[in-house]
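Here's what TrEMBL has on this protein:
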type    : residues                                                               : note
BINDING : A:ALA32, A:GLY33, A:PRO34, A:GLY35, A:SER36, A:GLY37, A:LYS38, A:THR39 : ATP binding site
DOMAIN  : A:11-287                                                               : domain 'UvrD-like helicase ATP-binding'
DOMAIN  : A:288-564                                                              : domain 'UvrD-like helicase C-terminal'
Amino acid sequence: MDAPHSDALLRELTAPQCEAVQHVDGPMLILAGPGSGKTRVVTHRIAYLLSQNIPDWQIAALTFTNKAADEMRLRLDKLAPGQKVWMGTFHRFCAQLLRRYASMVGLQENYSIYDTSDSKQAMKRATEAAGVSTTHASPDQIANVISKAKNKLITPDVMEGQMLSPKETVAAKVYPVYQRQLLTANAVDFDDLLLHVANLLRHSPELRGELDQRFRYILVDEYQDTNLAQYAIVRALSIDHPNLSVTGDPDQSIYGWRGADLNNILDFEKDYPSVKTVRLEQNYRSTPNVLRVADQLIRHNRRRKQKNLFTDNDEGEPVILRWFENGYEEADSIADEIVAAISSDLARPNDFAIFCRMNSLTRSLEHALRGRGVPYQIVNGVEFYQRKEIKDVLAYLHLVNNPGHDVALTRVINTPTRGIGAKTVQRIQAFADSHNIPMLEAARRAEQIESLAKRSVTMVKKFVTIYDRIAARATAPLEELMRCVVQESGYDKFLEKNSDDADDSSPLGNVDELISAAVDFDRRHPDDGSLEAFLEQVALVSDTDAFEENDQRVTLMTLHASKGLEFPRVFIIGVEDDLLPHKRSKEDDAQFEEERRLLFVGITRAKQWLQLSCCKRRMIRGDTRPVIASPFLNELPLEEMKRIESTVQRNYFDHDIDQSGGGDWDLPEIQIRDEVQADVSFDFGANQDEDVLSADDQAREPAPTFDAVAEESSPQEVKSQSIPEIGALKTAADLMSGNRPPLTAFREGTTVRHYDYGEGTILAVSGLGPKRMARVQFADGEHNFRLAFAKLEVVGP
DNA sequence: CTTCCCTCCATTTTT
DNA sequence: TGGAGGGAAG
């Protein structure tokens, strides 16, 4: 290991940054405003610790996302090549500890990790087994209550003794049953990873001491998002060696609804009286214009720590606040603006991001962008690992790894269909429950299940035989095992029968890709080629991380997903009452303040340019309703912002609604309810044919209707109308068509040709599904491609 | 047991 | 508006 020289590390850091970096022993709280170079400070500090001859294995850096951990590792590697600091998510940290100490909590070391849908499934079963009526609580609600309880380290027996709401009472009855079933299945859910480890540390002082000793320097990122379980873990590891340093910003806490406890950061100074507190308040990201808006807004929160954000950046353009007639106009206008900026070479697609409160709001944007041939990506669309065919194949593997994985068994026992119906499964389940054995075991003893028909017994037995054939290969390389699953189970034939198109979003293509992921894994882990490790990887690495900033595409995402990112130009849409402070968040102050922080996070993503917009009405769940502006808008420095009432008039409705309005609009009382009700009969889309454009309308061009725009956009038109050519991409429409080789053809070492860069060799492939990426070495350097969209030809092996 | 249709539901979602 | 899950028919 190369210990970097400490002087070099401190160069180019501001005074507060230096102060944080040079802190070695004792607790430290870094209050880091948005864009204040937080990651830089953390990585430099780790490098500094190493330079002070602290062994790398004594340091652990905990993050919430894999993405953050990867980023940190990458940057640290540049400062201190070859170090072996433990870096990763809380969940992975716990998963690894739990592998080792599984027996102490009643698990075996090959335990399975249930993902959210697995756990829902299990919860459903537990609810049935608990025999409680579900009229007062949906499975989702029960799951929520239990998850929250786990995050607060509340065990089933403790919960039972508490004062509870009706919903919680139901959940309290399900909880112990659910936990027992998980244990029987040798499985944990995401929350359990934390819960088990927290309990372990609490109940075993020896182990706690040992681990405290081992991880002497602990760094936690995004500390404002920790829940009680995480807090307890970190605390337990910082008693004898309280060298805990946490980084966070109370103003960016937006996961309270998932159990994050703002008190952890607000009270950190109370927990550790000797704490050193460092404030990073200089912002390197945004213009003063953007920053002032953010600051004014967040000042309205009461539960926070005062910060003084400032920046040396250029003033930039004023923040825009824009008011549209409806969601379609909003989408069209934004898309038009993006097209204009791109085609006049002022910006590239990846300079833009569009944020919204709800995923469903991206739909009209997608439509508008697609119609104009603007390439875009939606972060958190359908995830690869959530697809049915992938879950199916993985379920077989889960079952091989852990025969107790009942959720997996339920999933595959009749997939592909082999004549084992719901009734049969239910009976097996009941038998398993009454004997306290896994369902697979019950299936083996099918003939002992009295309620089962002869025919069913035969079918079940047949399934067990198939399973055994697969399980016999458990220790084979993953690729082989996976192919075996697909063949033996008959899944390949099943897929072929059900797949019509052979492009890469087809089930067959996806399974192919899963196999190629297995190949990658085999290659990277030649020695321990373990199924267990692969499954853990899959469970803990979601593909949300695969957001690609170098891709030439506009990014659409929720405000939540935007945290930690930055973009030159940002649009935040739907800044409306009941949407941005969401309707369901208005009951208590804590939630309301969290909504405000959400907007704060969105605003502070913008580097140079920002537009907030709201509409007079918006279609929500099928019907169009009048809408009023968000109360948060009143809290912004309106006088210095550029306010625009919709400029482009589009003929969405058969008649127009109050275009007069003129002049400045008064935000505080945007109450259009009355006008609209007076003017009700709008019913867009439906009557457009009857009401052919009048001369008046035609004069006021452009007046394409929403549908017309979409219809007209044939690929040719798209080309002429918009972006000539952006980087290595032409238009999205271009790329979506045409014959491309299957994604699995791209492997490490494959020679490919790109029409711009010439021939190159693939250095690495990562990610799955539409997010699969390749790093390619060309004569003039390395380039990254998203395989589903890249124009790459396969030349050699 | 499977399939198809209808009804009901609908923030946010790092792991 | 759209998707997922439950119930009735083949």
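Just so it is clear, glycine is given a Cβ too, placed from its N, Cα and C backbone atoms.
Sequence features, as recorded in TrEMBL, placed on the structure.
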residue : record           : Cβ contacts under 8 Å, 6 or more apart
A:ALA32 : ATP binding site : A:LYS38, A:VAL41, A:THR247, A:GLY248, A:ASP249, A:LEU280
A:GLY33 : ATP binding site : A:ASP249, A:ASP251, A:ARG279, A:LEU280, A:GLU281, A:ASN283, A:LYS307, A:LEU309
A:PRO34 : ATP binding site : A:ASP249, A:ASP251, A:GLN252, A:ASN283, A:ARG285, A:SER286, A:ALA294, A:LEU309, A:VAL601, A:THR604, A:ARG605
A:GLY35 : ATP binding site : A:ASN283, A:TYR284, A:ARG285, A:SER286, A:GLU566, A:THR604
A:SER36 : ATP binding site : A:LEU280, A:GLU281, A:GLN282, A:ASN283, A:TYR284
A:GLY37 : ATP binding site : A:GLN17, A:LEU280, A:GLN282, A:TYR284
A:THR39 : ATP binding site : A:ALA68, A:GLU71, A:MET72, A:ARG75
Average model confidence [pLDDT] within the domain 'UvrD-like helicase ATP-binding' (A:11-287) | 92
For the recorded ATP site, whose residues are A:ALA32, A:GLY33, A:PRO34, A:GLY35, A:SER36, A:GLY37, A:LYS38, A:THR39, find every other residue on that chain with a C-beta no more than 8 angstroms from the centre of their C-beta atoms, and list them by sequence position.
-> A:VAL41, A:ASP249, A:LEU280, A:ASN283, A:TYR284, A:ARG285
Which number gives the other C-beta atoms within 10 angstroms of the C-beta of A:LYS38 (ATP binding site), all protein chains shown included?
-> 22
